[in-house]
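Feature annotations, reproduced from TrEMBL:
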type: ACT_SITE; residues: ASP67; note: active site, proton acceptor
type: ACT_SITE; residues: ASN136; note: active site, for ring-opening step
type: ACT_SITE; residues: HIS138; note: active site, proton acceptor
type: ACT_SITE; residues: GLU143; note: active site, for ring-opening step
type: DOMAIN; residues: 10-226; note: domain 'Glucosamine/galactosamine-6-phosphate isomerase'
type: SITE; residues: SER146; note: site 'Part of the allosteric site'
type: SITE; residues: ARG153; note: site 'Part of the allosteric site'
type: SITE; residues: LYS155; note: site 'Part of the allosteric site'
type: SITE; residues: THR156; note: site 'Part of the allosteric site'
Amino acid sequence: MEVIVKNSYEEMSKLAAEMIAKIVRSKPNAVLGLATGSTPIGTYKELIRMHKEEKLDFSNVTTFNLDEYVALPPTHDQSYRYFMNDNLFNHINIDKKKTHVPDGMAKDIPAFCKWYEEQILKAGGIDVQLLGIGGNGHIAFNEPGSSLGSRTRVKTLDEKTIKDNARFFKTIDEVPKYAITMGIGTIMEARSLILLANKENKADAILKTVEGPITAMVPATIVQLHPKATIITDKAASSKLTREYAEEPSVLKR
Ligand code: F6R
């Protein structure tokens, strides 16, 4: 696991985008695992810039998103499908048919989850999975206590996550209580991981993830076991780390 501490959110986002772009350039039909939330927005902006100014080509790329709220239709402005269209897909030359976001409106959710896993395998597996991290150490919607071997399934959102997400809804009662999420086992099968964290409110979670013991109570700690994981933070999110970390990834990784 490599930990890179950048000076700012912009620099963190630029590096993540550069790492993703490098994969897309070397493998035009790459399979990208994507995340929503506030953290990756800068990375998506940079990928859009690279598409517009440097002709980064997404026409053969396939994507799988980590998660989606149950019972929010794709037209709802807080659904993750809406978020992905708005923040990335509508601005690049990707074929929307190759973009996958879990279907929160699926009638048979267990059957849908099985199908989603099959589609990832059929696409050849995920080349790079982008991750954010919850203040409680969750990855995707795998809340503390989630099985470290879990697969795509429906999860009840943690009280803290509901509170964290309330800022996106008119009232806290409107925040969905359930989500479909890739499992931790699913995420760990990606060929590489990039976990992003910025701001002070992620500092405790990053300390536990980087320097703490692996535990289901902090799901992100599992990335310590991934053979090709990069954690990129800004200064604030890394402020509680006790060791020195690099500002640039090793040449071979970049
Ligand atoms: C979103 C996701 C979540 C977020 C996490 C951090 O697809 O999987 O785990 O990455 O909740 O959210 P932000 O980036 O809004 O702080």
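Quick reminder: no glycine exception, Cβ is built from N, Cα and C everywhere.
Shown on the structure are the features that TrEMBL records.
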residue: ASP67; record: active site, proton acceptor; CB count, 10 Å: 21
residue: ASN136; record: active site, for ring-opening step; CB count, 10 Å: 19
residue: HIS138; record: active site, proton acceptor; CB count, 10 Å: 26
residue: GLU143; record: active site, for ring-opening step; CB count, 10 Å: 23
residue: SER146; record: site 'Part of the allosteric site'; CB count, 10 Å: 22
residue: ARG153; record: site 'Part of the allosteric site'; CB count, 10 Å: 21
residue: LYS155; record: site 'Part of the allosteric site'; CB count, 10 Å: 21
residue: THR156; record: site 'Part of the allosteric site'; CB count, 10 Å: 13
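Neighbours of SER146 (site 'Part of the allosteric site') among the recorded positions ASP67, ASN136, HIS138, ARG153, defined as a Cα within 10 Å of its Cα, are HIS138.
Close to THR156 (site 'Part of the allosteric site'), meaning Cα to Cα within 10 A, are the following active-site residues out of ASP67, ASN136, HIS138, GLU143: GLU143. Across the structure, LYS155 (site 'Part of the allosteric site') and HIS138 (active site, proton acceptor) are spaced 12 Å apart at their Cα atoms. ASP67 (active site, proton acceptor) sits 12 Å from GLU143 (active site, for ring-opening step), taking the C-alpha atoms as the reference points.
Listed in sequence order, the recorded positions among ASP67, SER146, LYS155 whose CB lies under 6 angstroms from an atom of ligand 1 come out as ASP67. In the predicted structure, the domain 'Glucosamine/galactosamine-6-phosphate isomerase' (10-226) carries a mean pLDDT of 97. In this structure, HIS138 (active site, proton acceptor) belongs to neither helix nor strand by DSSP; it is coil. Note: the Cα of ARG153 (site 'Part of the allosteric site') and the Cα of ASN136 (active site, for ring-opening step) are spaced 20 Å from each other. Separating the Cα atoms of GLU143 (active site, for ring-opening step) and ASN136 (active site, for ring-opening step) is a whole-number distance of 8 Å. The secondary structure of THR156 (site 'Part of the allosteric site'), as reduced to three states from DSSP, is extended strand.
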